[in-house]
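Below is the structure I would like to discuss, written out as structure tokens.
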Amino acid sequence: MAEAEYFIWTNPEGDFEKEFGNITGMLPTGDYFIPCKRVPITNRQALVVFYALVSLLSLLGNSLVMLVILYRRRTRSVMDVYVLNLAIADLLFSLTLPFLAVSKLKGWIFGTPLCKMVSLLKEFNFFSGILLLACISVDRYLAIVHATRTLARKRYLVKFVCVGIWGLSLILSLPFAIFRQAYKPFRSGTVCYEVLGEATTDFRMTLRGLSHIFGFLLPLLTMLVCYGLTLRMLFKTHMRQKHRAMGVIFAVVLVFLLCCLPYNLVLLSDTLLGAHLIEDTCERRNDIDQALYITEILGFSHSCLNPIIYAFVGQNFRHEFLKILANHGLVRKEVLTHRRVAFHTSLTAIY
């Protein structure tokens, strides 16, 4: 999720890295390029404040989700396991935001080791979070449409599913960590960037392709199909609880699309521009640069919205959280009598 910066190579026999080292978006290719004046990004201080706020809310919200789920070991459901892993992914992603915020103001001042670590952590949890959302949609489809409730088997299998997601996310993220480094290009500040000489463009095109396919298109298609079939099933029923679940499912898909679809569409446009599949003009480059800046903010904010969508709107979650507070003497136990729910449904009822 890098901000696009465009510089022009006017000397094909010159130093490639000096000309292109400061580019963090898709590299242009060829011998000569039309000189484009990059539109400077304003309000960087406001962006830092926003990143800090998102990081704080994500740390707090996802920590509470983890606390509630880990506190109830005996009644933990398959859905709880997915939500727990999703909370871990969002929490780890939020740890990278302070580094990204500082880099917006001062460039990359943390050196190569942290460049690799932050890149790995950010991409790793970006992939795992999206893939977990897709798995949640499949689980809800099976639970509601096909009413599969072999809990013992599902609890056993879900652990392997989550391990598989983490493993695939690690494989997809490793190239970012291996090839990125703190690099100070000619007449510019230090950046955290892949530096492979003339192979940089092809390499980044490959990474972009992986991100488009595994980081958005396949998970989005899975969610739309599974939630679409689930909603169709719910429309045929008249059960109050299932209609409540339908509303939450709609909110989940809507928030995901609002946060992630704009950024991924702009990123796809940037990829097509770098591959010369769409006309390359200075105005278009600057428009994409500004759009990446704005939509990236939406994408990052999704990490702090997940706890609200997946937990805090659930009656069971609120009851379990109050129960923890009551057990530690922080609230009166009489409060729980007004919020008593069926414990065996766990967090599943909110889906």
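Cβ coordinates are placed from backbone N, Cα and C, and glycine is handled just like the others.
Pulled these features from Swiss-Prot for this protein:
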TOPO_DOM  1-44  topological domain 'Extracellular'
CARBOHYD  N22  N-linked glycosylation site
TRANSMEM  45-71  transmembrane segment
TOPO_DOM  72-80  topological domain 'Cytoplasmic'
TRANSMEM  81-101  transmembrane segment
TOPO_DOM  102-116  topological domain 'Extracellular'
DISULFID  C115-C192  disulfide bond
TRANSMEM  117-138  transmembrane segment
TOPO_DOM  139-159  topological domain 'Cytoplasmic'
TRANSMEM  160-179  transmembrane segment
TOPO_DOM  180-204  topological domain 'Extracellular'
TRANSMEM  205-225  transmembrane segment
TOPO_DOM  226-247  topological domain 'Cytoplasmic'
TRANSMEM  248-269  transmembrane segment
TOPO_DOM  270-290  topological domain 'Extracellular'
TRANSMEM  291-313  transmembrane segment
TOPO_DOM  314-351  topological domain 'Cytoplasmic'
Using DSSP, how many residues in the topological domain 'Extracellular' (270-290) fall into helix, strand and coil?
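Taking the topological domain 'Extracellular' (270-290) as a whole: 14 helix, 0 strand, 7 coil.
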Tell me, what is the mean pLDDT of the topological domain 'Extracellular' (102-116)?
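The answer is 89, the mean pLDDT of the model over that range.
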For C115 (disulfide bond), write down the residues of its own chain that are at least 6 apart in sequence and whose Cβ falls under 8 Å from its Cβ; none is a fine answer.
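Long-range Cβ contacts: W108, R180, Q181, A182, C192.
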Taking helix as H, G and I and strand as E and B in DSSP, count the residues of the topological domain 'Extracellular' (102-116) in helix, strand and coil.
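For the topological domain 'Extracellular' (102-116), the helix, strand and coil counts are 11 helix, 0 strand, 4 coil.
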